[in-house]
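Quick look at what TrEMBL lists:
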type	residues	note
ACT_SITE	220	active site, proton donor
ACT_SITE	370	active site
ACT_SITE	498	active site, proton donor
ACT_SITE	539	active site
BINDING	626	Ca(2+) binding site
DISULFID	441-484	disulfide bond
């Protein structure tokens, strides 16, 4: 943790802001005369001199005490909390003290709107009662059922559904990825029929698939399949005495928690070959399941995000299995990355498992870079007992990286000033690209989580737990969330494209907008022809969920509801399932023939949680992997 002073101190508590406002000449003269009289009378006798000296010593003590006192919240947070204080004595002391000291400088404080959730610009008519959000949550559950019905009818056992052509496709190794990715979503929603159906399929078929299938990607299989099995293990009661923290209850017929654990161990044992086959601490990208061998990708490179987004899953498996080998191998990656040179904490998006060194200079928080930064803070949060000891380096790496993001990658668009995160395709010495993937919209949630560690902003401020840097990251999180939402609002469909560019001062980017001419930001956002597709991605609603939990600002729910309605209007396939889109800038949009597993595993899960009770999977007790599978903190 940072040892720098927090942004508030006892100096903030008793500031008299009248000192910095105009005072009448009469008041100034009167105060001066009274003060002069007191000094004169006291000074005429020895007792008066003694008392004056005593007063000087006392005031010196008070002033020094103010400077070295412990950090405390700003004064507005303390109003009403001090009971029985002798206000008269306090006022006298302050009056005397003001005549002996220079006016102090104003401290860094949160404005009142920052301390209390600022909904002044929010339509109060939209502050719906909880019953309305329960109704909306139920609509998300109905969407999940419709998505599952299409998959079950046309693609059961395949990785993904092609909803328009009514068939399945294996694009993730043939392990039935949609089933496993969806299982904990069904548990959270209380969709017991789907839980039972998915659980029985896993128990009956998955072990055979793992033992006989060929090549899979280490990263995708870990976050979707291994992560899904581990989350299902916990949510089905695998860890006795811990499920009540989740705020949900699951009635699971068919597969038992121990079945999920045994299958997860079998899969992980085979995935470990990616680590043990590599000559360095950086694992190979691909694994052959049936013979437990591994090899690098055709170009020999691994993605930085992929090798550093395995640790939550393998750490949790070590915890519940009692075998440290899983977490040990995965953590070697982060320990190695710690030693490599970086650009203000930022890293290139490729790394070589042969040399263990970064390859190229391309720096971005979109594809191949994103979850490296996400897992730095999440792995640190997951391991509560090691936060201030052996894992402190992860927090320091995260903190340095976020400073680098703010310094090198954050810009504002013109003319309306949307805050966004760009790229450095040729490193810090090359040009800046005003390009932002939708994938970058994970960052607002990660920044907020890193600032408060999962508790609400209000509680963090009241407990004086936020540093100045935490506050800066929270502000950036909210600004970026606004930008991510406007990436949806600027299009004709209300759905975001895969990539956008921003108009910036001195920039050369140009091109068409999103099609929604009524958008305030129609001239800030550029959507190129090849980037107009939508893959049902979850990153924005993920950040809206986290920010709502932390700030308790209802606008994030409203934004989520608008996005959900757009998904429902334009991506639903009547015969079952939902589909990706080719072009979000025209209506009706052209449809692609694919339903990604993460639509059920992430997008609908985060929307459901956004509209629900904050006590379900609380962020100070659970951490979500990059595929939205929740694990309890250790």
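Backbone N, Cα and C atoms are what each Cβ position is placed from, and that goes for glycine too.
In terms of C-alpha distance, the listed recorded positions 370, 441, 484, 626 place 441 closest to residue 539 (active site). Ranking the recorded positions 220, 441, 484, 498 by the distance of their Cα atoms from the Cα of residue 626 (Ca(2+) binding site) places 220 first. Close to residue 220 (active site, proton donor) in the fold, though at least 6 residues off in sequence, lie 172, 173, each with a CB less than 8 Å from its CB.
Residues within less than 8 Å, Cβ to Cβ, of residue 441 (disulfide bond) and separated from it by at least 6 positions along the same chain comprise 480, 481, 484, 487, 539, 540, 542, 543. Its Cβ taken as reference, residue 539 (active site) is surrounded by 24 other Cβ atoms within 10 Å in the chains shown.
When the alpha carbons of residue 370 (active site) and residue 498 (active site, proton donor) are compared, the span between them is 14 angstrom. All protein chains shown were included, and the count of other CB atoms within 10 Å of the CB of the residue listed as 'Ca(2+) binding site' stands at 26. In this structure, of the active-site residues 370, 498, the smallest number of CB atoms within 10 A of the CB marks 498.
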